[in-house]
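Participant: As annotated in TrEMBL:
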- 1-20: region 'Disordered' (REGION)
- 63-82: transmembrane segment (TRANSMEM)
- 89-112: transmembrane segment (TRANSMEM)
- 140-163: transmembrane segment (TRANSMEM)
- 183-204: transmembrane segment (TRANSMEM)
- 210-236: transmembrane segment (TRANSMEM)
- 370-390: transmembrane segment (TRANSMEM)
- 410-431: transmembrane segment (TRANSMEM)
- 495-517: transmembrane segment (TRANSMEM)
- 537-555: transmembrane segment (TRANSMEM)
Amino acid sequence: MSAPAPANEDGSPEKPTQGGFRTMPFILANEICDRFATAGFNANLITYLTQQLHLPLVEASNLLTNFNGTAAFTPVLGAIVADSFAGRFWTIAGGGALYLLGMLGLVVSALAPALRPAPCAAAAATPPCQRASGGQLAMLYLPLLLTALGGGGIRPCVVAFGADQFGRRRERRPGGEQKWSYFNLYFFSMGLAVLLALTVVVYIQENVGWGWGFGIPAIAMFLSVLSFVAGYSLYVKVKPEGSPFKRLLQVVVAAFRKRKEDVPEDAGLLYHNKELDAPIAADGRLLHTEQLRFLDRAAVLTPGDVADSGEPDLWRVSTVHRVEELKSIVRMLPLWAASITLIAAASHNFTFAIQQARTMDRHLTRGFQVPPATMIIFTPLTTLATLALYDRAFVPLARRYTGRRAGITYFQRMGAGFAVSVLGVMAGALVETRRRGVAARNGLLDDKPGAAAVPMSVFWLVPQYALHGVSDALSTVGHMEFLYDQSPESMRSSAAALFWVAGSLGNYLGTVLVTVVQSASGGVWLQDNINRGRLDYYYWLVTFLLVLNLVYYIACFHFYTLKTFEVDGGDEAQRPRDGGGEQAGGDRQAELPCHGKVAASGNGVAAVSDGEKHMTSDQLY
């Protein structure tokens with residue numbers, strides 16, 4: 001039975017004029033405006049809380065930590081809504097509307113005098129400042145909650161929605177677009193928007209006023225929603241097929257019920273149902289893999305599993321495709337966890353690096369000094385440059401040697417990013433050792449940061465910032481490519497949510513790391529006066545942890561099994577995908593030395609006919 005024709009969320013057939021790069025102006029305009037708005041109001045929110053609402057620094061910091069933690073987990077809710085019933089288009093549109101309402105609430109709170117405490121009185125007054133009341137804070141919490149919920153609808157869906165426009169069938173058309181170039185373009189646009197917000201919006205907030213400081217991001221968010229909805233007729237809108245989490249739970253329950261059943265050696269004896277799986281397997285049914293065989297018990301047929309009408313009880317038996325969906329998610333988790341460690345190790349790099357910059361010579365001219373926080377701009381600048389060079393220079397060059405449309409696999413890209421992150425922290429450790437030595441030779445160890453500049457140029461910090469930018473361009477994009485390609489097609493929004501959850505867990509784990517180091521070192525390594533502290537020791541510790549993380553990643557990759565799935569066959573089949581999710585060697589079809597169907601995977605692994613015979617793409621082509 002052939003796979004059903006592609007259809008949109010509303011059941012209408014997918015048209016040839018839908019999808020492809022024609023949709024990119026609308027999707028990327030949405031994402032640029034969204035990122036600009038998010039970075040614009042987030043970047044300097046600590047200043048608003050402390051200077052406008054007069055909150056103590058610790059309380060303001062905790063408020064932002066709680067908000068960022070909540071905002072990082074709401075993508076899980078958005079992914080469930082998108083994959084279960086709403087679809088990615090309406091989840092993004094609804095999330096954008098909620099985000100816009102939240103931004104408008106922040107604008108109102110910044111402009112209405114009744115929603116803010118009175119300005120600080122003269123120094124002689126007691127007390128000089130009145131903190132925001134409970135009601136005023138509530139009027140802040142509500143908009144923040146709306147932005148968190150809105151971001152939860154946008155973040156897990158927009159990357160997958162954009163990649164949907166370059167699905168497998170569209171890739172087979174002559175001159176088909178490159179889905180994996182889209183990921184580079186997406187992150188490049190995101191970085192450009194963040195860079196613009198950090199320079200323009202922050203300046204307006206500091207020098208013009210908070211009404212305009214929040215108002216400009218709100219206007220950007222309005223344009224984001226408007227531009228996205230305007231492209232409605234051009235989009236491919238993949239129809240959701242029910243909650244993927246319910247299917248996963250059904251597999252677990254069925255496997256537990258049959259925990260005493262023997263799994264047959266012949267995978268063909270397990271339960272298959274093409275008609276049942278067709279709505280959730282448009283790209284092709286997942287084929288059986290040998291890992292996690294205890295889950296195969298869910299696909300063992302026993303009396304009573306299937307009614308006389310042929311309707312299966314999915315709490316008693318699952319198809320091989322559904323079992324493999326769960327296997328795919330479980331297999332992804334160890335590699336996904338490697339990114340958590342990377343984010344945890346790097347979560348405080350920029351904070352401490354800014355403290356380094358504050359102690360160094362920051363003069364560009366005799367009368368102008370570079371603000372310490374401005375040095376962070378070298379990270380997004382390097383990320384943007386790396387993404388551009390990677391897509392336009394490195395990929396064409398690598399393609400000549402590897403034969404892969406993506407140049408190298410996303411596994412190699414992630415591994416390269418992890419390796420560069422080691423070099424970035426190592427550079428920070430070497431520079432800090434030199435900086436502290438210069439401070440000691442000049443008798444500045446006991447000076448407070450900024451009291452007297454260490455005679456060493458602040459631009460010594462550029463290499464570590466730049467290396468972190470290169471690492472982001474490699475590991476972050478590779479991580480998203482991996483999650484998209486290796487997740488079951490019906491769970492791609494949920495897989496994208498994992499990307500954001502990794503960031504949240506990484507930051508929380510980074511806080512734990514600093515707390516442990518502070519306690520274990522007796523407060524010696526990390527001090528307010530970094531001239532007297534041993535920040536270089538902390539950097540070397542993080543370097544060691546990142547080396548361990550790289551070894552862990554390589555080990556996980558070594559034991560990783562790529563998903564394999566059937567594609568429309570007959571006597572012809574698509575070339576199996578390469579490690580970047582692309583078809584190796586172009587969009588043309590190739591004659592096989594056998595009949596039946598071919599299973600394609602993210603690494604070019606193929607399975608012929610019944611899925612028992614596996615061979616690499618090199619053996620086939």
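Glycine is treated like the rest: Cβ placed from N, Cα and C.
Mind mapping these onto the model and telling me what they sit next to?
Facilitator: Note on the transmembrane segment (63-82): residues 45-46, 49, 55, 88, 91, 95, 144-145, 147-149, 151-157, 240, 243, 245, 493-497, 500-501, 503-504, 507-508 of its chain, located 6 or more positions outside it, place their CB under 8 angstroms from a CB of the stretch.
Below 8 angstroms of C-beta separation, residues 6, 8, 14, 17-19, 22-23, 25-27, 29-34, 36-38, 40-41, 44, 48, 52, 89, 92-93, 96-97, 99-100, 103-104, 106-107, 110-111, 161, 164-165, 167, 170, 197, 200-201, 204 of the same chain, each at least six residues beyond the ends of the transmembrane segment (210-236), sit close to that stretch.
Distant neighbours of the transmembrane segment (495-517): 68-69, 72-73, 75-76, 78-79, 155-157, 159-160, 329, 332, 336-337, 339-348, 479-480, 483-484, 486-487, 525-526, 538, 541-542; these residues of the same chain sit at least 6 beyond its ends, with a Cβ under 8 Å from one of its Cβ atoms.
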Participant: Short question: which residues 6 or more past the ends of the transmembrane segment (370-390) have a Cβ under 8 Å from it?
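Facilitator: For the transmembrane segment (370-390), the list is 184, 187-188, 191-192, 194-195, 198-199, 350, 353-355, 357-358, 362-364, 458, 461-462, 465-470, 472-474, 477.
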Participant: Take the transmembrane segment (89-112) and find every residue of the same chain, 6 or more past its ends, with a Cβ under 8 Å from one of its Cβ atoms.
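Facilitator: Contacts with the transmembrane segment (89-112): 9, 30, 34, 37, 41, 48, 52, 78, 81-82, 136, 139-140, 142-154, 157-158, 161, 209-211, 213-215, 217-218, 221-222, 224-225, 228-229, 232, 235, 237, 493.
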Participant: Should anything in the same chain at least six residues away from the transmembrane segment (140-163) have a Cβ under 8 Å from its Cβ atoms, list it; otherwise answer none.
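Facilitator: That would be 23-24, 27-28, 30-31, 34, 38, 41, 53, 67, 70-71, 73-79, 81-82, 88-89, 91-92, 94-106, 109, 132, 179, 182-183, 186, 235, 480, 484, 492-497, 499-500.
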Participant: Using a Cβ cut-off of under 8 Å, list the residues of the same chain at least 6 residues beyond the transmembrane segment (410-431) that approach it.
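Facilitator: For the transmembrane segment (410-431), the list is 335, 338-339, 342, 345-346, 349, 352-353, 356, 460-461, 463-464, 467-468, 470-479, 481-482, 485, 536, 539-540, 542-543, 546-547, 549-550, 553-554, 557, 560, 579-581, 602-603.
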